[in-house]
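Written out below as structure tokens is the structure these notes cover.
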């Protein structure tokens with residue numbers, strides 16, 4: 001199938017427009033700052049001393065200021081959840097844009113790493129030029145104490161140098177601990193190192209307070225390149241001759257452009273010596289707003305989550321899947337949202353996000369999550385919830401004499417799956433444990449489907465073995481029977497795909513016989529599936545939601561952008577559980 005521009009604009013248009021705006025801001029800031037320090041008269045003397053390193057260091061710093069402010073905004077989860085649920089964002093396309101917050105965070109992080117490298121390299125050159133081009137006439141301009149001072153002293157004995165080295169170390173730890181391998185194998189390392197961001201920002205505010213780079217303040221009485229009245233220059237002294245007496249060693253900036261500007265005229269006579277002053281730090285202007293917003297949100301979340309939940313029951317499902325049912329006063333959530341669990345007995349500072357598989361309603365206050373035991377945190381959490389003698393039991397009711405650990409929740413927070421009920425037709429695709437975000441959607445339909453726009457749901461679940469399916473089969477079985485009894489058999493189209501066949505007839509045939517016709521061996525034929533959905537829903541907009549491996553996600557994403565002969569538009573949404 002050929003690319004559909006209609007579908008592509010729906011899925012990618014706003015995202016690429018925002019990317020273009022962000023990229024334009026970065027380029028504009030970099031170029032404007034570069035030209036300012038390269039051609040600005042107030043930076044003439046410092047530019048002659050440092051050359052290109054000055055321009056690159058300041059231009060990269062402006063890009064860092066922008067991205068260090070933007071990177072915090074996607075982490076304001078409560079604000080994003082409020083915007084998604086409020087009437088102030090009525091457009092579904094705008095709400096879908098909020099789901100790209102993680103992408104913006106990662107993009108800004110990569111940009112910070114790249115331009116930090118440029119910034120560090122430029123300042124290494126600056127340190128060398130400060131030492132080599134030491135000026136005896138403009139002492140206030142020097143960062144070095146004498147000519148040919150060891151540049152390493154500038155890096156490790158000055159506030160900007162020392163804080164810069166510390167920031168590079170902190171940034172290196174945060175970046176290396178953010179890799180997929182570390183997040184999966186040892187989430188603790190990722191969590192603790194990422195919380196070093198506060199140290200990074202404090203160092204950043206100290207870094208810009210050093211005032212090593214200075215600009216000229218008295219341009220009216222001392223035009224750049226002039227000579228003062230207390231000197232008697234030779235009649236034909238040029239600007240290059242004059243400045244060469246003030247700066248020892250090579251001049252990295254050169255004077256060809258300056259000679260052209262003055263048309264090789266004699267140096268002007270000035271009224272006083274140049275005066276230099278350090279810039280007032282501007283970084284705090286960039287980051288103070290987002291940083292205060294983030295800190296205020298964290299404070300609000302801390303207050304909101306300071307009361308522990310009451311654990312109603314713990315269910316140990318096959319395939320190392322745990323179900324946790326809880327209750328908390330005044331807790332409200334929408335289908336598709338997620339919460340963050342914090343168990344001090346497992347880790348004092350570590351938190352983990354889990355999608356709600358059961359939301360509270362007007363008639364019941366119970367809510368729950370499912371999680372797969374993978375990684376050190378979930379293993380320790382499982383051991384606290386289940387006593388050793390009950391590891392293989394199915395359910396531990398609340399009335400049992402069991403002392404559960406204290407558990408705190410933060411949230412709820414928004415996710416793309418909130419939109420699944422706002423389409424007339426939705427296609428939900430899950431891979432393995434990625435089925436959990438859809439559990440709350442199905443539970444909501446089981447309670448009452450009439451208030452929502454959704455009238456047809458295609459539910460596709462790809463599992464490795466039958467035990468992965470077993471813990472979710474009860475909900476699918478009840479939901480399937482509900483719509484058959486209400487004479488709406490086409491409301492939910494369930495398709496289950498398993499790659500292993502051992503024991504299928506024994507387990508499925510006895511308890512969930514009505515799902516036998518929905519069970520398939522192998523993998524879905526995605527292109528045929530999309531063609532069938534497009535044919536049955538001509539001219540409609542279908543919401544595509546995926547939570548699973550990247551291979552499935554990429555396939556669905558590509559098919560959503562493809563053209564079809566039925567006028568059906570597919571809008572792609574994705575949630576990552578990695």
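Cβ coordinates come from backbone N, Cα and C, glycine included.
Mean model confidence for the domain 'Ferric oxidoreductase' (58-303) is a pLDDT of 80. Positions annotated as domain 'Ferric oxidoreductase' by Swiss-Prot: 58-303.
Marked as domain 'FAD-binding FR-type' by Swiss-Prot on the basis of sequence analysis: 304-419.
What Swiss-Prot lists as region 'E-loop' is 218-273.
Taken from Swiss-Prot, the feature topological domain 'Cytoplasmic' covers 1-16 (among others).
According to Swiss-Prot, the feature topological domain 'Cytoplasmic' maps to 84-104 (among others).
Among residues of the same chain six or more beyond the topological domain 'Cytoplasmic' (176-188), those with a C-beta under 8 A of the stretch's C-beta atoms are 109, 194, 347, 350, 352, 374-377, 578. If you look up Swiss-Prot, you'll see 176-188 (among others) marked as topological domain 'Cytoplasmic'.
Per Swiss-Prot, the feature topological domain 'Cytoplasmic' maps to 446-578 (among others); the stated evidence is sequence analysis.
Marked as transmembrane segment by Swiss-Prot: 17-37 (among others).
Taken from Swiss-Prot, the feature transmembrane segment covers 63-83 (among others), and the record attributes it to sequence analysis. Sequence-distant contacts of the transmembrane segment (63-83), counting only residues of its own chain at least 6 positions beyond either end whose CB sits under 8 Å from a CB of the stretch, comprise 22, 25-26, 29-30, 89, 95, 98, 101-102, 104-105, 108-109, 111-112, 115-116, 119, 201, 204, 282-283, 286-287, 289-291, 293-294, 297, 300-301, 337, 411-414.
Swiss-Prot lists 105-125 (among others) with the feature transmembrane segment.
Marked as transmembrane segment by Swiss-Prot on the basis of sequence analysis: 155-175 (among others).
According to Swiss-Prot, the feature transmembrane segment maps to 189-209 (among others), an assignment based on sequence analysis. Beyond the transmembrane segment (189-209), the same-chain residues lying 6 or more positions past its ends with a Cβ under 8 Å from any Cβ of the stretch are 68, 159-160, 163-164, 166-167, 170-171, 173-174, 177-178, 182-183, 281-284, 287, 291, 349-351.
Summarising the annotation, Swiss-Prot assigns transmembrane segment to 425-445 (among others).
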Key: Positions whose Cβ lies under 8 angstroms from the transmembrane segment (155-175), at least six residues beyond its ends   = 109, 112-113, 116, 120, 123-124, 127, 143, 193-194, 196-197, 199-200, 203-204, 206-210, 212
